[in-house]
Structure formats: C-alpha cells, structure tokens
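Comments concern the structure below.
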Protein chains: 2
Amino acid sequence: MAKNNNTISGFPEWLPQGRLIEKFMLQTLEEVFALHGFQGIETRAVEPVSRLLSKGETSKEIYLLSRLAARNSNETESDPNKQLGLHFDLTVPLARYVEENAGHLTFPFKRFQIQKVWRGERPQEGRFREFVQADIDVVGQETLPFHHEVELPLVMGEVFARLGLPPVVICANNRKLLQGVCEQAGISQIEDALRGLDKLDKIGPELVKEELLKAGISAEGADLLLAVAKISTSDPQELRSQIDALGLSGELLETGLNELCELLTEGERQAPGLLRAELKISRGLDYYTGTVYESFIQGHEDLGAICSGGRYDNLVSVGNKKYPGVGMSLGLTRLLSRIFAANLLSVSRPTPTAVLVAVNNEDSRGESLAVAQALRARGIATEVAERPLKFGKQIKYADRRGIPFVWFINEDGHEVKDIRSGEQVPADPAEWLPPTEDLFPQVFPAQANN
Amino acid sequence: MAKNNNTISGFPEWLPQGRLIEKFMLQTLEEVFALHGFQGIETRAVEPVSRLLSKGETSKEIYLLSRLAARNSNETESDPNKQLGLHFDLTVPLARYVEENAGHLTFPFKRFQIQKVWRGERPQEGRFREFVQADIDVVGQETLPFHHEVELPLVMGEVFARLGLPPVVICANNRKLLQGVCEQAGISQIEDALRGLDKLDKIGPELVKEELLKAGISAEGADLLLAVAKISTSDPQELRSQIDALGLSGELLETGLNELCELLTEGERQAPGLLRAELKISRGLDYYTGTVYESFIQGHEDLGAICSGGRYDNLVSVGNKKYPGVGMSLGLTRLLSRIFAANLLSVSRPTPTAVLVAVNNEDSRGESLAVAQALRARGIATEVAERPLKFGKQIKYADRRGIPFVWFINEDGHEVKDIRSGEQVPADPAEWLPPTEDLFPQVFPAQANN
C-alpha cells in the first residue's frame, strides 16, 4: 500500500514506499531532461492574481492567499497586482521568469521545472487540488526553429520508455492545419471551433455540432470540421491523402500539414510507435499556434491525457522582442495515482537502508557505529540497531523495516547475514558490498492487478 | 550572478546556475539522510488552520487559502477545521502524518522531508516568506533512546562537511538541565525563563533580567539563570565543573547534565569540533523536553541559526500511545541566500550540457541527432546545434551557453573540440568520454568576496 489515509480530499500524500516510486520518477525525469540539455529552475509558488488571470481560462480555480494576522485586523488586499495566488500551472510562471530574466538567460532557453501546482477545482478520480507537474519548454528569442516541436515529444517519449510503464502514445495535431481547415470552410469563429473539437470525446459529435451551429458556424463547416477530427494515423502519406480526400488545401493548411508530416516521419525514425496524428486534438487554451500534444497510456486511456502541451508564439514578450516557445507538461501526480491504484510499479523495499549493524551491548554501540560509518563511507545505507536485544530480535527488527542484511561483530571477526536466504558469511566493513540490486531500493514494473 | 531580479519581496528565485547549487545541496542532503536510513516523505502544503494553530507561537504568520470563485460568490470558510492554511514548518505536518499513518509505518520512524514552507512575516535579510526547510526526525513508539539525540547532529554535521562550506558549530543545551536549574533556583515560571534566555543575544542580559523580574522571578533566580547562560564549552569535564561551581545539583539537572556530557563526548569522538554546549540556547517553542540545538556557520554568525531542533516527548500521540521524537531542521534558503551573497560556492557551468553536436546542414540534422543520442545513451548530456551556421558561429553558440565541447561530423570521421583549450581530436560517439570533471556541472567552494 503506497497511498496513505488521506484526510483532505484532493491533496494526496504517499507512504514512504510510494514516495520512493515518486522519487524514482522524478530522478528519471531530471536525468533525461538534463541529458537533453534542459536547465532546471524553480519559481515561487505564488504569482500576482493579475498575472494568473491574464492567460487561459482557469480563473475560477485559483487559490488566493491572505495573512491570518491581516484578516484579524480587517486589512484586505484589493489590488490584483499585490493580491497573491498559488500558481495553477508552470507556464504562466515561466513566461514571467523569462520576462524578468531575459538578460541573464541564453536563448533558446531550454528549461525543465518540476513543482507542485494548485487548483481549487472539485476533486475527482485523477483530478487533484495539489499536484506535481513536470514541464519542459524551449523558448527562443524572436524565432524558434520547428525542430524543437519534434524534439520535445521525443524527450518525453524517452522518459516514458525509462519508467517501465505500459506504452504511451503522444497524439499530435497542428493549429496551423486546423486554422487552415477553418479558412477553407469559411469559419471565422476559430476559437469556438477549437473549443468544440476539444469537447468531442466528452460529449460526442452530435452535441459538438450543435455547439458549432450555435456559435454561428455553417452546417457544412461543422461537418467538415467533424470529418477532419476523425483523422487518426501515424502514417504521413495517409494523413496527406485523407486531407486531400476532403478537398482541403491552402497555404496555412499546407504549412501545418507539412509540419505534422515531418513530426510523424522524424518520430517514426527516432521512436517507432510513439507519435500519432489525431486531428480531433485541439487543446482548449488559446495561446497555441503550432503543434499541440496530448499523451495517453495504452490500456489507461480513461485516465485522460497525462502529458500535454504545444507551440506558442505570443505568450512571452519583453518590449518589442517576442519569445516564441514550445512546451510539454507531464501530470506526475495523476500518473502516480494510477500507478498506485493499478499497481504498475513496485519497490523492492520501503527503506533506503541496506544493512542493520547489530549491537552486542550498549557499551559497545561505538563499535557498531564505526562499522556503520565505514559502510556509509562506501555508499551503503546503514542503520545501527535500536537496542542490544537478543540477535533474533534484532534480525526481526531488520525484517520489519525491510532491511535485507544484518551485520554482526563477533570476537573473532565480523559476519553479515542475508536475512532473506539466511546465508551468513565473514565480512570486512572496508570491503564488503551487497549485490548491486540490494544497494538501493529498486523500482520495477509489477504485475498489474486490475 | 545566481540570484535573479526578484520582484516579490520574500519570495526568492534563482537563475539556472543558482538552482544547480541548490540542487547540489539537495542531493547532498538526501544522500546523507538516506545513508543513515532516513525515509523520505512529502506532505501536502496545506493543513487545517486548527492544526496549524495548535502548536507553537507562529499563528500570526500563517497564510490562509481561499478560492477566488468562492470569494466572488461571497462564500467564506469560518470552520477552522476546514479553513486551510499553508504549513509554516515541517514538524506540525510530521506530527499529523504520524498520527494518520502510525499503522503503516515502522518505528522508530526515521524520516527526512525537504519542502517549501511559508510564513507571512515581514521579509528581511535572511528571512523569507517562502523558503525550503530540510528536516530529519526520529519518532519512536512509546519510547525513544537518548542515542538518537546524539545521532541527529552528527548526521547534519556530515551534511555540512560534504557541502564544502566554512565549518559549522552545532550548539546544544538540554531542557532537563535548564528545568533542573529553575527547580534549584525556585523558579516556577519555566516558560518565561526559557523565553527570556532565548532573547539574550538580541536584547542583552540587562533587559533579559528586567523581563525575568517582571515575570515574577526573584533577582537571585534571574542572576543564577544568567550565570548558567554564560556557560559555553565543548569539554564535558569543564561543563560539569562550571555547573558544580554554581552550587547546582538535583536529579533532573543531573539527568540533563549527563545527557549533555554524553552528547559532547560522543560528538568529539565522531566529529571533533562539531558540537559545543551553549547554555544560553533554550529555543522558544514549548514542546522541547531534552536536547535542543542551534547551528551557526563560523564567520557567518550574523546569519543566525541555520539548523535547529530538539527532543520532544509530547508532540504526537494516537489514543493512549505516545510518540516521542527528536528532530533538526535546516533552513536551506537562508543558507543559500548567504552562499550567493558571499559567493561561498561556485558552479563550473550553468548548463548540464557537456557536448554540442555541430550541424553541417539542415538535411543532415539526423546524423547530428544520432551522435547526440549515442552520447546521451552513455550518460553524456548533449545538445544539437540550433542552426547549420558556420562552425565558428556554432562554437560561439556553445561558448555562450557554457558548453565545453563541440562535436564535428566530417566526411572522413568525427572530431571533438575542447573549446576552452582549442584542442581538437578524432572521436567515436560510442567510446569518447569527457574528463570526469566535465561530465556534469561541478559545485566547489569559491573564493569568498566579502
């Protein structure tokens, strides 16, 4: 059981064994991101409310802060530039960080950021009020080559492959392609069109069509959009021929289609099976301008998208300078909640400790401490027994904690016992090493139980 | 410059090079804690206000949360069990976590926890509204042997030694000793006495004496307390003789004195110079019952205590069961702010990237990507050049980013250039390794500049 008795709905906590699995994931993410040259940053948990409200549509989900002392004295903060709220994503903070520090950063700025975010929305399965997001973004100065739109899903794909989870598919679309379709179909209500598509999986094509008609889109336009939204393929040739079959063309559409085809081609070359064009994907947020992504775990599509993002050209600017970017955000807590619920990963033991050094009597605790320190100096996590009980009880103590080895200091030398096999051998604290797989707790794919 | 243009006072942020130094410290902390068998946990950022107010005296510093949507609709939460606030330390959350999960933990529960905490107090030099604390605690079930009060400062001492900072001294006292002194001096106002001592460094002995007298403590009692508070030694014999010289004895005092002497003796044996008895140290919080600690960096005493804590017997209970503990808390952000201000640590480069693979032309980007992926597969952080510019410009691009090596794909083979020395040698992506010190950014003690 990795989940604990959580007492505030939407604010998950894990037991130590769950935290080890989370930590394994965090380390995997950081390692892969760093291998690809992303610089890690953290931003403060708070932003002025004015800034939180300036992008996107999540205003209702913001947690405001007030000081208890100020509330008692009836001070209230009404200036939205001074009123602070907890950040609800890591994109708004990134935009602000780049604005403030552009002069100290090198561009393209490749950054990763893994932090908790907060949303005051109704908690439900897979939705939390406090959760960890892991974001990568590449932000250029004035320009940003398209190849970064190919780079990001491949980096995330490498993360997924290393985590030992069921395969992940990153579904992609392109806003230029969708806008091109709208142009062709005479649809000027582009935001309504995108928002309609975004609801397709939730409410189905009939209701989406109703909404599109209500927004003033023609029946022909709506039908064309819904036909485009059905296109789903990982083959660039097929993508192109299906678009052709709908009689679609135009410059913006061509640009978007070329980009999407290049993404599929490069994706197939570097990570076969990872990427698929899924033309119903539009992403609700209005700041995307190129490729958009949503990722799903095979067999766990009901969990929803676990990693999303896209290209944005107009999110960040300083004076006259534009900073176009592309980013992806992985919902780590949502992923973890499923990993725990479906038992997708296990950990070999709940404690970092590999060795318990037994204590013969309280006066000789110093000798046991010295052995422990010698083992730690060589990277072996070691505890010293709590009390000089009978050895059988000290072994039980190790067993209860999940510690695999117990070290004994005898008059004629030291011995170490693997308490799982019962094997006991002479050992020297300056030389003995546990088997590699016992050095640290190991995380591995477990038998799924549902 | 590791610090950024911070725009909200009390909420510090760092540039990527500063974050690398923070990350080095976090990794050192986690590694040392795990080597000593501490299990890592995280708790949610919020607690019910009723719980935040139940311990300590920081009620005025609490940040309350409210939902923007609820505020707009004039809902307000008046139930203190439902009203949420941000945690201001990691001790209150630990107590709650142990209460909730006692049945799933093994005791003594050795846990480390490194998280941001928030306090709405006035920001000033070394004081923040958002900051990272790194806590270790050992929590027993019903009992907890004294040796953990020796263990904790030694673990923190190992952290300090590995960080490469100026030497740290952990000053210790013992509440039983202080209470024994109060008993002997006929002082029943123990909390007032402790609170008075706690102010000694801020307001001096005359004003402390005035406060003690105001609290109803006799002049003789106050003088005796102030005489005890002057005792400062790392020698257990001297500690004992100075206490004797004041004519002090009694059972509780003896117990406390013995514990403090044992701490000094064991400390000197395992980590010479780390520990000192400093009898003016009392710690304001009323839940401490044994050893108390405050740690100072030599030459940076003006920064205040960077790592404090103590033994508590009555903080946690479940039903009739008591869970006595001992804990220490390191103020990482305060420490970092001084490290940056006084330039105590440096990092060899601001980016994880060791190698930039040059691109000959856009059509051959795939070859460069393949080299990058081969290097990453062997743990070498690698980027591919942004654009197929002239090689001189690609080298400048690497230089600007702080990347030490540039990789060239020539018709007759590959070469790698160390752009610092200019040395260029043939290289194979399946075999070449950078010098160990260039593999990852290195953090090292820097020349102090103030």
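Each residue, glycine too, has its Cβ placed from N, Cα and C.
Automatic, uncurated: that is what TrEMBL annotation is.
Together with A:Asp89, A:Leu90, A:Thr91, A:Gln133, A:Asp137, A:Arg283, A:Tyr287, A:Tyr288, TrEMBL lists one candidate of A:Arg119, A:Arg122, A:Arg269 for binding L-histidine, that being A:Arg119.
Same-chain residues at least 6 positions away in sequence with a Cβ under 8 Å from that of A:Arg283 (L-histidine binding site) are, in sequence order, A:Leu194, A:Asp198, A:Val292, A:Glu294, A:Ser308, A:Gly310. When the record's L-histidine-binding residues A:Asp89, A:Leu90, A:Thr91, A:Arg119, A:Gln133, A:Asp137, A:Arg283, A:Tyr287, A:Tyr288 are compared pairwise by CA position, the greatest distance found is 21 Å. Mean pLDDT of the predicted structure over the domain 'Aminoacyl-transfer RNA synthetases class-II family profile' (A:16-352): 93.
Within the set of binding-site residues (A:Asp89, A:Thr91, A:Tyr288), the lowest number of other Cβ atoms found within 10 Å of a Cβ is recorded at A:Asp89. Taking the Cβ of A:Gln133 (L-histidine binding site) as centre and 10 Å as the limit, one finds 21 other Cβ atoms among all the protein chains shown. In the three-state DSSP scheme, A:Arg283 (L-histidine binding site) falls into the coil class.
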